[in-house]
Every structure is written in C-alpha cells, then in structure tokens.
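Q: In case it's useful when we look at the structure, here is the feature table from TrEMBL:
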REPEAT    109-143  repeat 'PPR'
REPEAT    144-178  repeat 'PPR'
REPEAT    179-209  repeat 'PPR'
REPEAT    211-245  repeat 'PPR'
REPEAT    246-280  repeat 'PPR'
REPEAT    281-311  repeat 'PPR'
REPEAT    313-347  repeat 'PPR'
REPEAT    348-382  repeat 'PPR'
REPEAT    383-417  repeat 'PPR'
REPEAT    418-452  repeat 'PPR'
REPEAT    453-486  repeat 'PPR'
Amino acid sequence: MRRSILTPIASTAKGILFRHLLKKVNRTATCLQRRAFSGGSDYREKLRSGLHSVKFEDALDLFIDMVHSQPLPSIVDFSRLLTAISRMKRYGAVINLCRRLEMIGLSHDLYSFTILIDCSCRCSQLPLALSLVGKMTKLGFEPSIVTFGSLLSGLCRANRIDEAFSLVVSMVKSGYVPNVVIYNTLIDCLCKNSHVDTALQLYNQMEVEADVVTYNTLITGVCSDGRWSEAARLLGDMKKRRINLDVITFTALIDAFLKEGSLSEAHELYMEMIRSSVVPNTVTFNSLINGLCMNGRLYQARKTFSSMGCPRNVVTYNTLINGFCKSERVEDGMKLMRRMSMEGLVGDTFTYNTLIHGYCQVGNLRAALYIYDTMESCGVTPDIVTRCILLHGLCVNGKVEKAMGRFEDMGRSGKYLSIVAYNIVIHGLCKTGQVEKAWELFCGLTSQGVKPDARTYTTMILGLCKNGPRREADELFRRMKEDGII
C-alpha cells in the first residue's frame, strides 16, 4: 500500500476552503440561466458524437441541458464536457461550472478533481489547487501522477522551485515514479530561472527515457548560455536514442547561432531543417529576422519576412520595425506598422515605443509626439518606458523646456514617474545650465515617494560643480555616502 504523500500538502491547505470560488459572483452560472439550449438532441448523443470541434457557447448550452436532465448525468459524463472546455483554455469557466455541480449536489470523482486542480493551477490559483488536494484526500481519493503533474506545473509557473522539488521528493518517498512529464516540468523551470547546471544534473539522473521535449528545453538553456559543447553532447544523445530534431530544436539552435553572429552556421542549419522536411514556424522566422536585423542584414531580413510561408504575428512585425528604426529608416518602420493594421494585427506598447524612439533618434520630434499623443486612441496605453523614451528624446534634441512641460503634465495627470524619468529631466536641466530647477526637482523626490539612485546624485553633483555652489555639491556627496549609494 502506497504511503500517502498528502500529509504536508493537506497541512498547507488546511483552513483554505473554497472561498476563491464562493467570494466571486458565478458569472458563468448566471449566464447559463439566461441561455436556452439550442439543440434538440439528447445530451448523450452529443457526448457520443465527440466534443473535439465543439464551440465554447455550444459547450455551455450542453452543460445547462445536462444540469436539467432527469435523471442527472453522472460525474463521468460531466467530466468529458469539462475536459473539452479546459482544452479551449477556458480554465476559469471550468472552475465556475464545477462550483455549479457542487451546488446541485453532484460529488467529484478522482478524474473531475484532477481536471479542477489542473485548471486552478493554470489560472495561478495555487491556494485553491492545494485546498482541493486536501479535500480529495479527506474524501479518500489518492491522487494520480497526473494530479501531481498539474500541481508541479503550478508551482513551477509561480517560480516556487524549492516547493516543486520538495513535492517530487515526497512523491518518490511515497512510492510514485516520476514520469518524463514530471522531469520535463522541473528541467524547464530550472532552465527558465538560469539554473542550467542543475537542470543538466537532473537530466543525467533521470530514471526514465528523455524525450524530444527534454532535449529541446536543455538545448535552449545551454545555447542561451553559449555552451556549445553541451549543446553538441545533447544532440549526440538525441542521435544515439534516435530522437529526431523537431522545429523547436532547430529554432533554438538557429536562434543561438544568430545571437552569436554566426550567420553562415545559422543558414546551414536552416537548410538542413528544410532537407529534413521540418517545416519552419512563425517563431523560427521571427528568430531569423531578429538575427539578421541584429547583424545589419536588413535586406535579407525583409526578404525573409516577405517569403514567410506561415502567418506573421505582432512579434514578427515588431522585430523588423525595430531593425528599421535602429538603422534610422523610421519611415519604413512606419509603413510596416500600417501594413500590420491592414493584416488585422494591432501594435502593442513595444511597437509604439520603438517608433517613438526611432523618430526621436532622427530628430523628427513632431512625428514622435504625434504617435505618443494618439496611441491611447488606438487602444494602447503608454507605459513608463514610453514616457522615458519621449522625455529623453526631447532632452537630447535640445527641447528641455518642452520635456519639462510634458513631465509636469504627466505628474498632474497621475502618471507614474520613476527615478529614470526624473534622472532624464534633471540631466537635461543641468546640461542647459538650469541647475536651480534641477535642484528643486531633486529636493522634491522624497515628497513624491521616489528614491534617488547613484545616477541622480552624480548628475546633480556634476551640475552643482559646474553651475552652482561647490559646498552644496560637497554636502550632496556626503549625503550620498550616508544613504549608502557609495
């Protein structure tokens, strides 16, 4: 008899009830009460015919039909529908629908508990997931490896690495054998948090066969660190085990070569990918375009963009727009943005920030200000980076008064201004000899809840040395030491 692993989890979950479900209005249930079931056929027929292509609205119709059926369908039937809805990534809806089932007195089985725990983890509701594990234990259910896989994914998604490892250790002690999915989840979490050495150690200790996902994760991790010998070893292991490289493997390697400036190797690998009948995807092309732009090959980047045999996304456009703007071809970048809109794609904050920065670089402040002033009407809100880009652009182009005016407008309208924004304006004022105004801004930092950093002090000290009383500069240097900046 397998010793229960759930004692530590149950204690963690103790006292956490279903408040995460109960404290929210059950919008899904309310919606369901207003809906009429559109189909006339019996729910059993619909379940038998399969739910692979069912739409979300139709799934809700089917749920309400099942709830009102007599006799009430079993939890097994409801679980089939909940699985289909979770595949649509409507995790919150699954949680709400499960609550509805509990309200009508239907009890969960192991499978429905597993679905609910998985959806809770995917919604970043770990307290709820843990409370569900505690509840299922009290009801006498022993979780499966799939249940623990969902919990592990939730912990890793929240970067709770120590707890994730503790969970796996407890699993092993309780007689569970981790499968390749468990290992892959841990390895992925370690690589994403820059613990590549630990990920490699775990790979070497695996008691199950690694799969293509394992290798893709590790190859991406070691390539990001420029550890080519490790990448070669992993590729050798793949070959020995007759695991074919897929689009993710090729893309990771191509991306790494391009970031190293090894364009010929990246091109050779791309051609090998085609010869191996592996079809490049949008991520592959995004990596190619980014690498070519980084290495000043804009013509080739544009050519690659035009020859894509798969849909472009916002990242594709942003990458090429950024390439054009860095080469001071901002108008070409603007044309791309218009083309993006024609393809039904909406630019994001990065798109606008790139174009504003590009126009500031070439001294076209009118265009930069126009984009900044109209971006909100296009559904994109300027962030702190946008504000800093604009302020910096105005200052470096000699428009310090305009920058100061914009800075004050931002403050009055309640926009958050970081120390970076203050540093830009203080530097601009000091550079144009307006040290008194800069000093006023500096002295008002504390009242604004902003803490000066080393750059703030250095800028202000240099400004005072050039255009102000030297003793104030000396006093500021002492304060800098007292504040622990140096």
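Yeah, the Cβs are placed from backbone N, Cα and C, and that goes for glycine too.
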Q: Tell me the residue counts in helix, strand and coil for the repeat 'PPR' (109-143), as DSSP assigns them.
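A: Per DSSP, the residues of the repeat 'PPR' (109-143) fall into 26 helix, 0 strand, 9 coil.
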Q: Could you give the mean pLDDT over the repeat 'PPR' (179-209), rounded to a whole number?
A: 94
Q: In terms of Cβ proximity under 8 Å, which residues at least six beyond the ends of the repeat 'PPR' (246-280) contact it?
A: 212, 215-216, 219-220, 223-224, 226, 231, 238, 287-288, 290-292, 294-295, 297, 309-310
Q: Please give the sequence-distant neighbours of the repeat 'PPR' (453-486): residues at least 6 beyond its ends with Cβ less than 8 Å from one of its Cβ atoms.
A: 419, 422-423, 426-427, 429-430, 433, 435-436, 438-439, 442, 445
